[in-house]
Every structure is written in C-alpha cells, then in structure tokens.
Amino acid sequence: MIDWIDIGTLADIPQRGARTVKLEGEKEIAVFRTGDDQIFALINECPHKKGPLSQGIVHGHAVACPLHNWNIALKTGEAQGEDKGCTPTIAVKQEHGRILIARPETLQAAA
Amino acid sequence: MDFQLRDERQAEGLEETPATFADSREHLVVVGNGMAGCRAVEELLARDGGRYRVTIFGAEPHVNYNRIMLSPVLAGEKTFDEIVINPRAWYDDNAIDLIVSDPVTAIDRVSQSVTAQSGRKVRYDRLLIATGSDPFIIPVPGKDLPGVITFRDMKDVDTMLAVAGAGGDAVVIGGGLLGLEAAHGLTLRGMKVTVIHLMDTLMERQLDEAAGWLLKSALEARGQTILTGANTAEIYGDGKVEGVRLKDGREIPASLVVMAVGIRPATALALEAGLTVNRGIVVDDHMVTSDPRVLAVGECVEHDGNVYGLVAPLWDMCRSLADGLTERHTGYKGSVTSTKLKVAGLDVFSAGDFSGGDGCEDIVLRDASRGIYKRVVIKDDRVIGAVLYGDTADGGWYFDLLKKGESIADIRDLLIFGQAFASGGGALDPKAAVAALSDDAEICGCNGVTKGQVVASINGGACSLDTVRATCKASASCGSCTGLVESLLALTLGEEVKSGPKTMCKCTSFTHDDVRREIVAQGMRSIPDVMQRLHWSTPDGCSSCRPALNYYLLCALPGEYVDDQQSRFVNERMHANIQKDGTYSVVPRMWGGLTNPRELRAIADVVEKYNAPMVKVTGGQRLDIFGIKGEDLPAVWADLNAAGMVSGHAYGKSLRTVKTCVGSDWCRFGTQDSTGLGVKIERMTWGSWMPHKFKIAASGCPRNCAEATIKDFGVVCVDSGYELHIGGNGGIHVRVTDLLCKVATEQEALDYCAAFTQLYREEARYLERTAPWVERVGLDYVKSRIVEDDVGREALRGRFLYSQSFSQDDPWAERAAGSHAQLHQPLAPLAIAAE
C-alpha cells in the first residue's frame with residue numbers, strides 16, 4: 001500500500017521550475033515541472049554538497065544544482081556527465097488535474 | 001532498336017517521376033557510392049549546387065562511409081555510425097537519388113544509359129565512374145574456401161567479427177598497411193594472428209628496411225607471428241578453411257584467412273564499355289575518359305601513367321573534376337603522396353622517394369631503446385623523401401619541404417632534429433611548428449585540406465574543432481591531425497580559444513556574438529523564439545545559455561521583454577545570495593557606503609527578529625545579514641523597506657556597489673566631493689542588469705582610498721577634474737584599470753560612466769567582466785566609442801538612461817508586496833489518500 005499525498009495542481013509549479021514539499025519527519029522534497037509539463041520529484045538535496053535542487057535551473061529533464069552546477073537527471077536522480085552521485089527519487093503521478101507524490105518511507109517499504 | 005530504346009526511356013521516366021517535376025537539368029549518374037564518387041559530388045555541389053540532377057549507384061547497402069576507418073571498426077574503437085561521411089540526410093538535402101545494393105553491371109555509351117544488377121536502367125547526360133579498386137586475390141588452390149576473405153568493405157568486417165567471436169587462429173596474407181591493420185584488429189578481438197608476407201620487409205612500399213624491422217619487432221612483442229619472405233602455396237581445408245601451407249612446406253592452422261595483398265583498379269565495367277584502359281581507366285587532367293561524356297575518378301583511374309591507392313590524391317582529383325564540370329580549367333597535375341599512419345598504435349610516416357640511388361644522401365637518427373627511427377633522403381640539397389618511425393610529429397614539415405623543393409643547405413645540420421630545432425626555436429612548441437608551416441602545407445592528409453583552407457574556415461567563423469570538421473573536413477576522418485587543427489585554432493583565434501570553444505554552449509553552434517547580433521537583426525522577442533530560429537539542439541537550453549539569452553533579450557528590449565525567472569540563476573531569482581546550507585544572505589543598499597541610525601536600527605532588528613547568526617561588513621561598504629531562510633525573505637525585505645532601504649543587488653550580474661572615500665567634505669587631502677559623486681553614480685546606475693557583476697568606486701584624491709583603480713569603472717578626483725578609469729578587477733587575476741580619459745566636471749563624469757556602462761552592457765559577452773572585455777576589444781576601441789565620438793557617447797548614455805527607467809523598481813518591495821510568492825513558499829500537502 002502506498003500513501004499518495006495530494007500536493008496541488010500543475011499550475012502551482014512554474015514551468016521549468018520547482019516547488020518544495022515539507023512532510024513531517026521527512027527530508028524536504030523538490031517537485032519539478034519541466035518544459036513539457038512532466039512532473040518529477042526528488043529529495044531536495046544534491047548528491048554533491050546537498051544543494052537545494054529546487055532552486056536550480058530546470059532544462060530538459062534535468063536540473064542544474066544552484067551551488068556547483070552539477071546536473072541531476074530528474075527521472076533517476078543520477079548526476080550527469082563526469083559527476084557521480086544519486087539523489088533519491090520520489091514516485092509521483094497526476095490524477096484529475098492533481099499532483100500526487102508517494103510518501104518516501106512507504107515507497108521504500110513497498111520496494 | 002529505336003522503338004525499344006524509347007520504350008525503355010519511358011519506363012525509366014515512370015520510375016523517376018516521383019520527383020514530381022520535369023527536371024530539365026543535365027543528369028549526372030555516379031557509379032560508385034564510395035569516398036571518391038561522393039566527394040566528387042560534394043565538390044560539384046560546392047561550386048554549382050543546382051546544375052546537375054544527381055543519381056548515385058552503390059553496390060553496398062550503406063550510405064557513403066570512410067573506408068580508411070574500417071580498421072578502427074574492426075578493432076572496436078569506432079562504430080559504423082561514427083565512420084559515415086555522408087548520412088542519409090545529405091542525399092536528401094541535396095536531392096540526390098541514391099540507389100543502394102544495386103551495382104551497375106553495364107554501360108551503353110550509345111544510348112547513354114547504365115543498367116544495374118536489378119535490371120534498372122537509367123539514362124545519363126554525364127557519367128562518373130568511381131568504382132574504386134578490387135582486392136587482389138592470389139590465385140592459389142583453396143582461395144574460394146569459406147572463411148577466406150578480403151578486407152575491403154563493411155561486409156568483410158562483419159565476417160571477421162563473426163569469426164573472431166569464437167577465438168582461434170587467423171592468418172593474414174600480406175604485410176602491407178591493410179594486412180597489418182587487419183592483423184591488429186583481429187588480435188584485439190582475441191584471435192591468435194600470423195602475418196604472412198612475401199617480401200623481406202613489412203610495408204616495403206612505405207618503409208625502408210630499418211623502419212620495417214622496428215615495426216616487425218614491435219608487432220611480435222604484441223603477440224603476432226610475423227613471417228617475412230613467406231610464399232603462400234595453398235589454402236587447405238575440407239569444406240571450409242583450416243589452414244595455409246607455404247611453399248617451404250610449413251603449415252599454419254587458421255579458421256580465418258584474410259587476403260590483403262594489394263588492390264587493383266576496378267576497371268571491368270569501363271573495359272566492357274570500350275573505354276581506354278591501361279592499368280586504370282585513362283583520364284585527362286579533368287578526369288575525362290576517352291568518351292567526353294564519361295568521367296572517372298579515384299582509385300580506378302590512371303592519370304599520366306600513375307595509379308593512386310591513397311586518399312589524398314583522390315581529393316585533388318575530385319577538385320579538378322568538379323572544376324571541369326563547371327568550366328573552371330585548373331586541371332589535375334598528379335599528386336605527391338605521403339603516408340602517415342598508426343599501425344597497431346605505432347606511428348609511421350613516409351613520403352617521397354626513399355629508395356636511395358645516385359646522388360642521394362641519407363641523414364639518419366636512431367634511438368633504438370625508445371623505438372625511434374628517422375631518415376631524411378636528400379638530393380642536390382633538397383628533401384626528396386622521408387621515413388619516420390615512432391615519432392612522426394615532423395612528418396608534415398618534411399613533406400612540406402619536399403613539395404616546395406627549396407634548398408635545405410642552411411638547416412642541414414639540424415634537419416633531422418625536426419622543425420623546432422632547425423627553425424632555431426629549440427623549444428618544442430607545437431604552435432610555433434604549425435605557425436611556421438606554409439599556407440599550402442597539408443594539415444589533413446585524409447581529406448586533403450591545407451593549412452590555408454583550415455585558417456580560411458576558422459576566419460569564416462568556425463571556432464571549434466567540430467565546426468572546423470563540419471566546414472572544411474580537416475580532422476574529420478582518421479583524426480591524426482586533430483592536434484594540428486587545434487593549434488591552428490589557437491593561433492588564429494588567439495586568446496579567444498583559451499576559454500574553450502567560443503560557441504555559446506553545447507546547445508548551439510552559434511557564438512555569443514552571433515546570437516546577440518541575430519536577436520537584434522531578426523527582432524527576436526523571447527527565449528523560445530531564439531531557440532527556434534537559431535536551431536537550438538536541446539528542447540529548452542541549459543543552465544549556461546538560458547541566463548545568457550535572458551540577459552541579451554533584456555538588454556535588447558528594455559521595457560518590453562518579460563524577464564524569465566526560470567532562466568535566472570537562483571540568486572537573481574531569489575534576490576539574495578544562496579549559501580552552502582541553502583539559507584540566504586541579504587545585503588541592503590547603502591548609497592555610496594553612507595548609512596544612518598534608522599537604517600542601522602532596522603538591520604539590527606532584522607538580525608534579532610529572524611535569528612540571523614552573523615552580520616558582516618562587506619568589501620563594498622555595506623552590511624551583509626547571513627542565515628535568512630528562503631521563506632523569511634519577503635518579511636525581511638518588508639522590514640528593511642520600511643526603513644527606506646532597497647535591494648543592494650549583491651547577488652546579481654548587475655551593478656553592485658559604488659565605493660567611496662569621504663572626499664573634500666572631511667578629508668584634508670580631498671580634492672572633490674567623491675562621496676557625493678559616488679552617491680549620484682549609484683543613484684543613476686543601481687538596478688541595471690549587466691553581462692557580469694559591475695563595481696564602481698570614486699576616490700577623492702590620487703591616494704585612492706576607495707581603490708577605484710581595481711574597479712570596473714573608477715573615478716579618481718584630482719584638482720583639475722576627474723580621471724576616469726575602466727576595466728579593473730580585484731579578483732583571481734588582479735588587473736589595474738586603464739585610464740579612459742580625464743574630464744573637467746562632475747556631470748561629464750556621470751555621463752561618461754553611463755555611456756561606458758551601456759557599451760559594456762551591449763557588447764560584452766554574458767559572464768565576461770569588463771577586464772577581459774577591455775582586453776579583448778582594446779582600450780583604443782573603447783576610447784573611440786566613448787571619448788572620441790561625442791554623438792555616439794550621448795546615444796549610449798541615452799539608451800542607458802532609457803533602460804534604467806524600467807529597471808529601478810526595487811525588487812524587494814515587489815516581493816514583499818506578494819509578487820512571485822510561490823518562489824518563497826513550499827507547497828502545502830492537502831490530503832492523504834491511500835490505495
């Protein structure tokens with residue numbers, strides 16, 4: 001069983017941008033909206049120095065970390081190019097115009 | 001006959017009608033979709049694109065690929081896609097009809113038509129035969145057994161790879177270039193390889209005995225068995241190849257035999273058509289055969305008694321051919337060839353005549369332990385041949401000397417040590433070596449590109465290796481000249497190449513200057529507009545180009561362009577400086593470094609109210625409040641606004657601060673009111689977005705307490721007026737300003753400041769500080785625009801003030817009032833649903 005949490009609508013997140021979600025007892029989550037209106041969610045920490053990815057420039061399906069410009073793939077959380085590291089991803093889905101994310105711990109339990 | 005011919009033409013016409021329009025142009029039919037045929041068409045298109053309708057027949061199922069690069073494919077260093085020269089799109093873009101897997105089997109010169117294997121018949125106005133060469137098969141018993149192949153096309157490579165997958169023994173017959181490359185590839189693929197060579201020296205056509213011996217030793221050290229002076233008697237096997245028997249009775253087991261003993265011109269088609277053929281198809285200086293409607297080019301031709309098997313002469317031929325077809329009468333004069341190769345990772349070079357003989361002298365350098373051998377052959381004080389093994393860096397230079405035929409008497413003592421020493425430098429600076437080459441020196445042997453052509457291509461706008469490859473093809477094939485091309489880029493572009501390729505980023509092949517010019521010229525109005533019209537290769541750019549485009553548009557369209565917040569770096573989007581822990585620092589503006597109790601109280605209150613852990617005086621004479629959370633920023637700004645303070649833009653590619661000293665009001669040395677001037681300058685310039693951060697200072701006397709001579713724009717007051725300085729920097733590379741000029745009045749100082757700022761805003765590249773910009777364009781240029789051109793200066797100032805009329809709204813006040821609130825607030829989870 002997965003806990004799906006309604007966090008708002010597409011319009012709440014700027015295109016090529018991100019918003020954060022704070023859940024009790026969880027690390028902050030960054031929810032991204034790409035140029036083609038896809039939604040991705042990652043823990044809001046760059047694998048490098050924990051920079052807040054939600055503040056990075058979103059391009060294609062990647063985000064450039066605001067601290068040191070590492071590029072992180074939104075789908076996998078993997079650092080791109082020469083950089084190595086991975087940020088945990090959060091399951092996300094859109095239903096009836098709402099964006100739902102999976103509570104991270106339940107996702108891990110299910111997996 | 002007549003009837004039948006007409007009938008066929010009709011049938012052919014039907015087949016070709018999909019082009020949908022009646023094409024009245026002359027029809028050029030090319031037999032052979034290889035390097036020579038396609039290159040000839042390329043040369044023709046470059047001269048007169050629309051002149052001929054072109055149809056190309058290929059026997060293989062592929063588009064044109066680089067046959068020379070089959071070895072790296074065999075060795076696993078490249079994929080087939082990487083060796084394609086003309087992708088499908090090239091044929092489509094140039095409306096070339098490509099017919100693959102259908103070799104032409106007959107030419108009828110009377111009806112001017114060719115017939116292919118499938119029965120397809122096509123009429124031509126001009127025919128180009130580019131059939132290349134066939135591998136020579138030695139006529140020994142067993143030559144037709146399965147498992148006996150040649151090394152000529154992609155199919156051969158596929159066969160070799162299939163067999164090599166199972167390991168086992170392979171025999172390569174032929175110790176020339178092709179054979180050794182096949183042996184190398186098969187060794188890398190895990191086979192145990194024996195090379196059988198008839199002559200006593202490997203690669204005897206390219207190498208002398210000494211170099212051949214070094215090569216043999218090196219290959220043996222890599223596990224290959226090399227049998228020289230070995231004559232193949234028979235290939236044996238029952239139903240498939242099992243081994244090779246030599247004339248002396250030795251038997252070498254093998255599950256694969258590669259015959260690479262040489263090639264000969266593929267002339268059968270031409271012979272049957274009744275064209276004049278000796279060793280190759282005989283052509284004149286414009287590659288015309290004995291039939292004026294039929295041309296031939298490449299390895300299948302014989303010109304002036306010579307047949308060529310290397311790629312460089314082929315390019316010369318294609319140029320002459322295209323010149324002839326477009327009535328430019330230059331003519332092919334034959335080629336002097338050189339060979340520079342990597343065989344199994346070993347560098348080998350040879351050029352000219354090194355067989356020795358009357359009047360020839362040798363200069364030889366041997367360094368056996370390092371595996372280096374160099375031999376230059378001289379006759380009448382001129383270089384006539386060279387063989388290099390192990391270190392081929394000077395190959396191009398020797399080849400250049402050879403082609404020019406100039407006397408080397410003066411440099412003879414040092415000739416063998418290479419260009420750097422012989423030219424007097426001593427130091428092995430590769431750039432100096434390239435600089436010393438003449439314009440007609442060949443840089444790229446594969447594509448026959450001279451230094452002059454590479455430089456012309458760079459001067460024409462190619463500013464990276466990729467663009468050079470795309471425009472003139474240098475370094476586009478085997479890549480062994482990549483270092484030379486990079487040196488030419490560095491030499492031709494000077495400083496610009498140091499900061500990497502000049503293209504804006506990997507999303508585009510355009511440079512910053514190109515993009516800026518086109519934004520203005522085409523009146524582009526948004527980032528997607530720019531990306532669309534300039535063919536961006538990514539859907540929405542990257543973190544390098546988006547902020548740059550946002551700035552260029554903002555600068556070009558003051559008051560009209562809507563700033564794209566998502567293309568702003570975090571600090572400019574949040575109007576504060578992000579810190580390593582994700583909190584922000586906040587710097588309110590203090591005009592000219594002046595403050596008062598009300599401002600200080602407000603700052604103190606903010607520090608306490610929001611638990612800021614640190615406050616620090618900055619280098620720009622203001623206070624920096626650290627550790628503010630993103631959510632608290634609007635409230636912090638509201639409090640600071642209430643005390644009359646606005647954003648200090650300490651976070652932006654924008655005007656930062658105007659640093660001042662106390663000046664004539666208080667200082668006993670002060671000559672002018674530097675503080676007052678600083679405040680006026682800051683009031684004029686604040687809020688302006690720039691290519692990079694921009695710092696100003698005003699000092700009241702030449703003691704320069706405000707450090708104005710390491711600022712982007714600095715004023716040093718003197719008794720008689722104001723010295724204006726530009727292009728200083730106190731960062732990683734400290735740069736003292738250049739003196740722009742001296743002006744008499746404070747108003748002039750302000751006017752010149754505005755004009756200079758606008759010139760920088762309009763012409764510097766994004767993220768280029770004034771210091772490198774001034775060095776790039778030169779102080780004289782800046783003077784010519786600001787000091788010597790009164791009208792131009794006034795126009796620049798006018799544009800700056802116009803732009804400023806839209807930019808001096810405090811961003812903090814807007815945010816404090818609620819704009820872009822979502823940037824500062826997390827999403828609120830609504831409900832939890834379980835499934």
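Cβ atoms are placed via backbone N, Cα and C, with glycine included.
According to TrEMBL, the feature domain 'FAD/NAD(P)-binding' maps to B:27-301. Across all of the domain 'FAD/NAD(P)-binding' (B:27-301), the predicted model scores a mean pLDDT of 91.
The feature domain 'NADH-rubredoxin oxidoreductase C-terminal' is assigned by TrEMBL to B:338-405.
For B:443-490 (among others), the entry in TrEMBL reads domain 'BFD-like [2Fe-2S]-binding'.
The domain 'BFD-like [2Fe-2S]-binding' feature in TrEMBL is assigned to B:504-553 (among others).
Per DSSP, the domain 'Nitrite/Sulfite reductase ferredoxin-like' (B:579-643) is made up of 29 helix, 14 strand, 22 coil. For B:579-643, the entry in TrEMBL reads domain 'Nitrite/Sulfite reductase ferredoxin-like'.
What TrEMBL records for B:652-789 is domain 'Nitrite/sulphite reductase 4Fe-4S'. Residue counts for the domain 'Nitrite/sulphite reductase 4Fe-4S' (B:652-789) under DSSP, split into helix (H, G, I), strand (E, B) and coil, are 52 helix, 34 strand, 52 coil.
Proximity of B:C701 ([4Fe-4S] cluster binding site) to non-local residues of its own chain (separation of 6 or more, Cβ distance below 8 Å) is seen for B:C667, B:F669, B:G670, B:T671, B:V716, B:C717, B:V718, given in sequence order. Positions annotated as [4Fe-4S] cluster binding site by TrEMBL: B:C661, B:C667, B:C701, B:C705.
The feature siroheme binding site is assigned by TrEMBL to B:C705. All protein chains included, B:C705 ([4Fe-4S] cluster binding site) registers 18 other Cβ atoms within 10 Å of its own Cβ.
Of the listed binding-site residues, namely B:C661, B:C667, the sparsest CB environment within 10 A is found at B:C667. Secondary structure by DSSP for the domain 'BFD-like [2Fe-2S]-binding' (B:443-490): 26 helix, 4 strand, 18 coil. Residues B:V662, B:G663, B:F669, B:G670, B:S674, B:S699, B:G700, B:R703, B:N704, B:A706 surround the recorded [4Fe-4S] cluster site, their Cβ atoms falling within 8 Å of the Cβ centroid of B:C661, B:C667, B:C701, B:C705, which are themselves excluded.
The listed stretches are B:27-301, B:443-490, B:652-789; of these, B:652-789 has the most Cβ pairs under 8 Å to the domain 'BFD-like [2Fe-2S]-binding' (B:504-553).
In summary, the domain 'FAD/NAD(P)-binding' (B:27-301) does not lie against the domain 'Nitrite/sulphite reductase 4Fe-4S' (B:652-789): fewer than three C-beta pairs, each 6 or more positions apart in sequence, are under 8 Å. Counting residues of the domain 'NADH-rubredoxin oxidoreductase C-terminal' (B:338-405) by DSSP class, helix then strand then coil, yields 13 helix, 37 strand, 18 coil. Between the domain 'Nitrite/Sulfite reductase ferredoxin-like' (B:579-643) and the domain 'Nitrite/sulphite reductase 4Fe-4S' (B:652-789), three or more CB pairs separated by 6 or more residues in sequence fall under 8 Å, so the two stretches touch. Secondary structure by DSSP for the domain 'BFD-like [2Fe-2S]-binding' (B:504-553): 26 helix, 1 strand, 23 coil.
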